[in-house]
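> One structure, as structure tokens, below. Some questions next.
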Amino acid sequence: MGGEAPGAAFAALGLAAPLVRALVKEGYEHPTPIQSQSIPEALSGRDLLGCAQTGTGKTAAFVLPILQRLSKTQRHGGIRALVLTPTRELAAQIGERVTAYGRHLGLRHVVIYGGVGQRPQEENLAKGPDLLVATPGRLLDLMQQGFVRLDRVEVFVLDEADRMLDMGFIHDVRRVVAALPKQKQTLFFSATMPREIAALADNILVDPARVSVTPARAAADTVEQSIFFVEKADKRALLERLLRASSVERALVFTRTKHGANRISEQLVRAGIEALAIHGNKSQGARERALDRFRRGVTPVLVATDIAARGIDVEGVSHVINYDLPNVPESYVHRIGRTGRAGATGSAISFCDREERALLSDIEKLLRRRIPVAEGQAPPADAPPAPAPRAETRRAFAPEDRRRGPRPSQGHAPRGRRS
């Protein structure tokens, strides 16, 4: 395969030369699994149900087929494609990808979201975009004011559907769907498939192609995982010590709660470590500024909740630190997938206090292996036996198994120490 022409693997999926040239310019060499599975199906005009998490190349999997379709069909003056996504950050990222991939096509697109003045968005909409990328709230506002009509949309993408549900947008999504033509292609993406999202998919998709990549238990070989057994009261000091290590270039720290994210970031700043928090209670402007500073390396530590971190696509994250273990085992895999990307190595470090021991057991059952204890630590004396697989592994499209919180477990974990 050494003599393969640049972009040949993408051309083989059916993508046109202008798109392939743009991908080569962006440095893309080979499609990811979600792209290989989704692009041919989407190009054929079929509806698509994709189960894929952030970091799998999902955005290109729907943007590329849309751009190809729009470049080959006649303009009619109305919006021809709509991408609905839950947050301003995701909308902006998708808009950037549309610009990059469509550089040779001459198509027009507009990105609209709340938290900013709408007059510039109104002016851009008046120019007649081919493609609209939008968040639900601002889209509905502009529809009600008469600035947006969706009655001629040919392709509809619902991105991060499960996150729409988590953020309380599912009613808004249904209102948007009701304004779309019945005859259209729909591409539906979700990292998980809770019952309400599965019902929505059944309602709006017609004989969809189903694609699923990166099973939940998969963890990148390029991520070195380790666990510290530590008292809850000692977590902060351990975090500060780890973040001062020279190997930490850019760290993403996960907490279970918004309050915890704020508290930890403030404590780190008081300790002289530059850090910012990102979570759902922050304004969109504050989240965007924090993410931009983290992406540029100005702020090397970002403290986040699981929901806020969905959709963050930042290269060069050297460390993921689970200050709190997640309530849902699959979230552990989503978290550590933020590092060790594109062939780079990364480190995923988890803290486990006594009350989190049962959560760790659930995670290790999902992974089907024990997470190594950090160097210089011994496993607790009452550690459970090596994990066996869960009796029933959750299928990609099965309803999500929700868990409510850490369950108390017996025993006493040693304090975290590393030589």
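Any Cβ shown, glycine's included, is placed from N, Cα and C.
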> According to TrEMBL, motif 'Q motif' applies to one of these ranges: 8-36, 211-239. Which one is it?
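Within the set 8-36, 211-239, TrEMBL attaches motif 'Q motif' to 8-36.
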> Is it possible to list how many residues within the motif 'Q motif' (8-36) are helical, extended or coil according to DSSP?
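Breakdown, helix to coil: 17 helix, 0 strand, 12 coil.
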> Considering every residue in the domain 'Helicase ATP-binding' (39-211), what is the mean pLDDT value?
93
